[in-house]
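Enquirer: Okay, handing you the structure first.
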Amino acid sequence: MQDRMAVMEERLLSAILEVDNKVAANEGQENHLSRPSSRRTNNEELEDEEDFGFSRLPHSSPATREDVPKGAKLKLPDPFNGKRGTEAETFMMKMEMYFKDYSKHFTDERKIRATLVNMGEGEPTKWANPLMQKHLNNTSHPYLTSWEAFKGAFLLNFSDPSKRDKAIREINSLRQTGSAQIYASQFRILKEDLDWDEIALIDTFKKGLRYNPQRELLHMRISNPEIDNYSLEQVIETAIRADDILQQASAVREPHSQPSGPKKDQSGETRTREKKERYPTETFLKRSQKGLCPKCGKKGHTMKKCPEKHYIPDPVLGKKGMENEQKEGEFMESKNKKGPL
């Protein structure tokens with residue numbers, strides 16, 4: 001039985017090898033006959049990869065093309081929506097990132113053309129239309145002379161004119177409310193919109209720090225005079241480190257600073273925390289027996305429908321009131337002893 005199985009396996013293996021050889025021979029013959037058409041197919045695929053229809057340069061090798069997979073290449077950014085300020089700057093940065101990914105194919109002229117056709121409806125298109133018309137007519141225009149000229153014109157038109165003033169107001173009013181690291185991150189963002197020198201930025205940063213980190217920076221000037229020559233980033237890192245150390249020291253002192261016993265008031269008497277009973281049981285019982293609201297002590301409603309939000313204690317009684325209350329209590333007690341009739 002085992003011999004028969006071995007023979008069958010050998011025959012099956014031989015048949016598989018024979019089929020594989022025939023398929024390989026046929027594929028080689030087909031590739032030889034259809035080589036020109038396959039070359040055209042490759043060219044068509046390369047053209048499909050280009051968003052603006054530009055061709056690859058002659059010196060581009062297949063190895064270079066395979067370095068960046070098709071799926072890893074940046075996609076053309078969404079059309080500009082016309083919002084001024086930060087969104088306009090972000091759109092321009094995205095376009096430049098896209099051009100950088102195809103740096104061999106985008107000349108200044110192609111960059112300008114690609115950006116003009118990527119303008120959204122409304123204000124962006126109105127701004128781009130005259131420039132596209134001049135480009136099509138080969139008419140010279142200052143904005144079309146170079147990419148930097150075009151980029152500057154775009155940002156000039158769509159930037160926020162009050163952005164710098166806003167940044168000045170915000171950075172002057174910025175204060176450390178949490179950690180120095182969070183404050184430093186906010187400060188770094190705002191300073192990017194300003195053209196201040198290092199000294200002005202350092203002074204403004206120090207003013208926004210909390211008292212303790214500011215004091216530590218002043219103490220450091222005594223032990224390390226070189227701190228006066230620090231750059232803005234060095235001052236920021238020093239302040240963050242000082243603030244972290246202060247926070248750690250505060251956390252270490254906290255358990256020891258808590259009082260071990262009850263506090264004393266100004267008269268020297270010990271104050272204990274008395275847990276107030278919001279609804280005294282005795283008062284509740286008396287009021288219920290008299291048909292009064294247990295919460296406020298008035299007639300005409302139940303506790304559930306009481307208009308008072310908080311418990312109302314009984315008024316302080318005089319001598320006559322206390323006698324009446326005592327008599328009333330004795331009457332209720334004797335009534336309870338007799339039981340129902």
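Placed from the backbone N, Cα and C atoms, the Cβ positions cover glycine too.
Remember, TrEMBL labels are computer predictions, not curated facts.
Since the structure is predicted, the reported quantities are computational estimates derived from the model, not experimental observations.
Feature table excerpt (TrEMBL):
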- 24-81: region 'Disordered' (REGION)
- 250-341: region 'Disordered' (REGION)
- 262-280: compositional bias 'Basic and acidic residues' (COMPBIAS)
- 293-308: domain 'CCHC-type' (DOMAIN)
- 320-341: compositional bias 'Basic and acidic residues' (COMPBIAS)
Enquirer: What are the DSSP helix, strand and coil residue counts for the domain 'CCHC-type' (293-308)?
Expert: 0 helix, 0 strand, 16 coil
Enquirer: Return the average pLDDT for the domain 'CCHC-type' (293-308) as a whole number.
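Expert: The average pLDDT of the model in the domain 'CCHC-type' (293-308) works out to 83.
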